[in-house]
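Listed features, source Swiss-Prot:
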COMPBIAS  16-44  compositional bias 'Low complexity'
COMPBIAS  66-95  compositional bias 'Low complexity'
MOD_RES   T108  phosphothreonine
DOMAIN    119-398  domain 'Protein kinase'
BINDING   I125, G126, Q127, G128, G129, F130, G131, T132, V133, K147  ATP binding site
ACT_SITE  D247  active site, proton acceptor
MOD_RES   S251  phosphoserine
MOD_RES   S283  phosphoserine
MOD_RES   T284  phosphothreonine
MOD_RES   T289  phosphothreonine
Amino acid sequence: MPSRRRHSYTVGSPATTSSNYSNTTFTDRSFPTTPARTSTDTTTSIARRISGIFINCFTPPDSVSSNYIDNSKSSSDNNIRSRRSSTGSSSVQRSYGNANETEHTRFTFDEIYDATKNFSPSFRIGQGGFGTVYKVKLRDGKTFAVKRAKKSMHDDRQGADAEFMSEIQTLAQVTHLSLVKYYGFVVHNDEKILVVEYVANGTLRDHLDCKEGKTLDMATRLDIATDVAHAITYLHMYTQPPIIHRDIKSSNILLTENYRAKVADFGFARLAPDTDSGATHVSTQVKGTAGYLDPEYLTTYQLTEKSDVYSFGVLLVELLTGRRPIELSRGQKERITIRWAIKKFTSGDTISVLDPKLEQNSANNLALEKVLEMAFQCLAPHRRSRPSMKKCSEILWGIRKDYRELLNTSL
C-alpha cells in the first residue's frame, strides 16, 4: 500500500485564465537591468501552509483570436538591419561530425522554398508563438527543421525582429547534448527563417497525450526530467553571461528516437545580469506561457534564473500526472494541475495523482513521491526558497539511481 504520509507545502500561484487561453504566451518590453535590494539566499524549508489564492494574472483581449499575444514595443535594433542579406541567405557553419570535420555552407530562401514546396502543410511538423515549423530535406541530403516566422508578427516589426534575433543570438552561443542545435538563419524580404536540428520523435506533450501511440514509462520520464534539468543548468551556470530560457514547457521539449530530451525554442530567452555588476535580476515585462509562469516574476517584473526553476517544477508535475498545467475541461478543483496535485500530496493521497497510464508499483510510487517533493520546492512562491537547477539535477540523478536499483530488485 502506498504511504499516506501527510506533507505541507506552499506553492506560488500559477498564471491562470478564465477563458480558453491555456497556451497563451506573453510578450515583453525590455527595461534596463537594475540592481535589486540585497537579500541573502538561505536554505529554508518550504512554508507550512498551502496557498489558498490562485491569482488570475491576466485577461486576454477579446479581439485576440490567436493563442499568442504580441504587445512588444522594443526599441529598434540596428544589428537586425545590418544583418539583412540582399540575397536572402546567410553564411553559416554546420558540423556533421566531430569538431575537426566541419562543412561550410550557405542556406538560401529559394532552397528552403523548393524543399518545402512553397511551405506546403504536408511538411509542417509544429506550430508555436514564433510561427510554423517544417521538416526540410535539402539538396545535400541533410534533414533540418526550419522555423518560419508568422507574417502577422511583422505588423510590429521591431518587436518581431528583436525576438527573431534573440533566438539567433542565444542559439549561436550554446552547445549541449540536451539543447536543440542551431545551424543558421535566412532573411529574405519579409521572410524570417531559422534553421535548426530536426528532432524526429515529436514533443513531450505529444507523448504525454499518447499522440505517438506509446506510453512513456517512469524510467523514461525520469530520463527526460534529468536531461531537461542538465540543459537548464548548463544555460544558468556554464554560459557567459548566463541565459534564462523563460519558456520551459512540455511543447518545447523535443524527444529523440531514443527518448532523450532536447530543449527547444529560445525566442523568449534573456541574458541574466552579470554578477560583477551587482544586479540580481533583469527588469522586464512578462513573457512566457500561462500555467508555467513564475508568480514572483509576474508581480515584480523581476526575471531571474529561479523563474526557469518554477517552470521546471510545473513541468515535473506534468510529467508525473500526464495532465496539462491548466485543464479548463475539468471541474474547478482539478482545473489547475499543481493546485490539485499539492492538495492530494499534502493529504497523504499522493498515489492518486500518478498518470493512470503508469503502473502502480513500489518503484513508481517512490519516484512519484520523491519527484513531487522536489517539484513543490521548485514551485515555492518566493525565488529565494527555490533550489537552483544544479541542485535539481543532483536530486533527480539520485532519484533515478534509486529507482533503477529498486526496479531491478523487484524483478
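Cβ atoms here come from the backbone N, Cα and C positions, even for glycine.
Each of the binding-site residues I125, V133 was assessed for Cβ neighbours inside 10 Å, and the highest tally belongs to V133. Rounded to a whole number, the C-alpha distance linking G131 (ATP binding site) with S251 (phosphoserine) is 14 angstrom. Look at the Cβ of each of the recorded positions Q127, S251 and count the other Cβ atoms within 10 Å; the largest number goes with S251. Highest local Cβ density among the modified residues T108, T284 belongs to T284, counted as other Cβ atoms within 10 Å over all protein chains shown. S251 (phosphoserine) has Q127 as its nearest neighbour among the binding-site residues I125, Q127, V133, going by CA to CA distance.
Here the CA atom of D247 (active site, proton acceptor) lies 6 Å from the CA atom of T289 (phosphothreonine). Ranked by Cα separation from Q127 (ATP binding site), the recorded positions T108, D247, T284 are led by D247.
According to DSSP, S251 (phosphoserine) sits within a helical segment.
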